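Student: Below is one structure. I have some questions about it.
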């Protein structure tokens, strides 16, 4: 569907050359909701703009629906762009036009009759849930409503691809969810391929089936959402995931919590992570009944990613070292990843970090 | 009523003596302003649009064309208007057949205001959110669609604002039209009022010019309110 090969983008200024995107190759399949996550300045907005050539790459090739976009003349590129919708962080609606006028603008050069265009505008506004805002100007809409107009406008020419450039970053969490729900809906109903650029792993977690992580213009890790979330290889990916699953905040809180401060000799703090069926096993109960290891749950979280449950627990295990060893072996036999945590004292704040793997019980 | 007329006659005897001349001068000022505004407006908007789209990051980036036009505008703005009128005499003769009179004055007025107005239009159009232009590009809009559907439509309130400012500037320039026999209220104030020590004529000319300026501002404000959503 979308094939980027060896994309480089650099901007030349008098003093130096800025490499915004370095040798990125991505393949996005039809029907994917593909997330590209990274901090600001990672080059993700520049990368997504190469898909509709709003940004021409310095090197590399761009194919969308089998068409080599870089080989098209201006006119053919314009018709290709009509099949690639795009929505923006700041909505970019035309203030001088009504909601209907904004959607209608996208249909300017379509071959529909003016009656058909009107009908199409009404249908699109219905689809995004703004049937009653037909003749309202954008200045009277809330952020979420503006983005819905943006979506209706982007869908006007029945595109196969929708590019979302930080489309929810200017919205509050609740509105973000409702917009993401709408996007998911469109993906289901219309088979729309969606590319989402964001700095929030939460957004990725909510709707994407695939994800690429970007840093300094390069893709550092890429894969389907479940494997990325359960087994992140890159440090940056781990950081994003810890933020998204709130493990980071939990660790910060634990560092301040007294229960961690006065651990007994036989106590140890561990993080348990598990994927899929093992969530159904009564693990904690088994630990006590089998090994008389008691478990004190400090933090727990279960995410459902594409119907796969992913759990994270931070617990204190108490028992003799022999019992603990057996318990950990048992957990690992149940496909639970066990990671021992320790508390370290920094200059004026304490922090809980994972122990080195060798040190595990 | 009679007493009021008598009173006006005593405080402004010279004005009272030439009511036709005052009406004619007012009309000359309005005539010069309107015609010059329409012609310079068309050319200025064209130049302003060209500046915006050929500039760096514009939709049809053409640095050399941009620099040429920019130079032309800067040169134009640096010539004082009263000298420009003398300088343009041959050109005026070529266009209207004479260098003297109200219609002849319209040529230097138009050319004098174009550089200023082009720059104002450029600034007004630069206020259009580049994100909206980018959105239009992403929808596959052609450059013409972006110029008319985005720049000129989204920039309309700013365009009205800078147009009002430019027209007021133009009214200022028309007061110098007397130099080439163009007449108008400025000429009246100097040739009659100042040179003949008829202060009341100068005052009335000033008041009439102010009235025209106020009406321009008022219309501008109404239009800005109507075009802002």
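Every residue, even glycine, has its Cβ placed from backbone N, Cα and C.
OK, TrEMBL features for this one:
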- B:26-220: domain 'ABC transmembrane type-1' (DOMAIN)
- B:30-52: transmembrane segment (TRANSMEM)
- B:72-89: transmembrane segment (TRANSMEM)
- B:95-117: transmembrane segment (TRANSMEM)
- B:159-181: transmembrane segment (TRANSMEM)
- B:201-224: transmembrane segment (TRANSMEM)
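Describe the structural surroundings of these features, if you would.
Tutor: Proximity of distant same-chain residues to the transmembrane segment (B:30-52), defined by a Cβ-Cβ separation under 8 Å and at least 6 residues beyond the stretch ends, is recorded for 58, 65-66, 69-70, 73, 102, 105-106, 109-111, 113-114, 117-122, 124-126, 147, 151-152, 159, 163, 166-167, 170-171, 174, 177, 182, 184, 212.
Note on the transmembrane segment (B:159-181): residues 28-29, 32-33, 36-37, 40-41, 44-45, 81-82, 85-86, 89, 92, 99-102, 104-105, 108-109, 112-113, 116-117, 120-121, 123-125, 152, 187, 189-191, 209, 212-213, 216-217, 219-220, 223-224, 227 of its chain, located 6 or more positions outside it, place their CB under 8 angstroms from a CB of the stretch.
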Student: Cβ under 8 Å, sequence separation of at least 6 from the ends of the transmembrane segment (B:72-89): give me the contacting residues as numbers and ranges.
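Tutor: Same-chain contacts beyond the ends: 47, 51, 99, 105, 107-108, 111-112, 114-116, 118-119, 173, 176-177, 179-180.
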Student: For the transmembrane segment (B:95-117), give me same-chain residues lying six or more residues beyond its boundaries with a C-beta closer than 8 angstroms to one of its C-beta atoms, as numbers and ranges.
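Tutor: Residues 28, 31-32, 35-37, 39-41, 43-45, 47-48, 72-77, 81, 84-85, 88-89, 162-163, 166, 169-170, 173-174, 177, 180-184.
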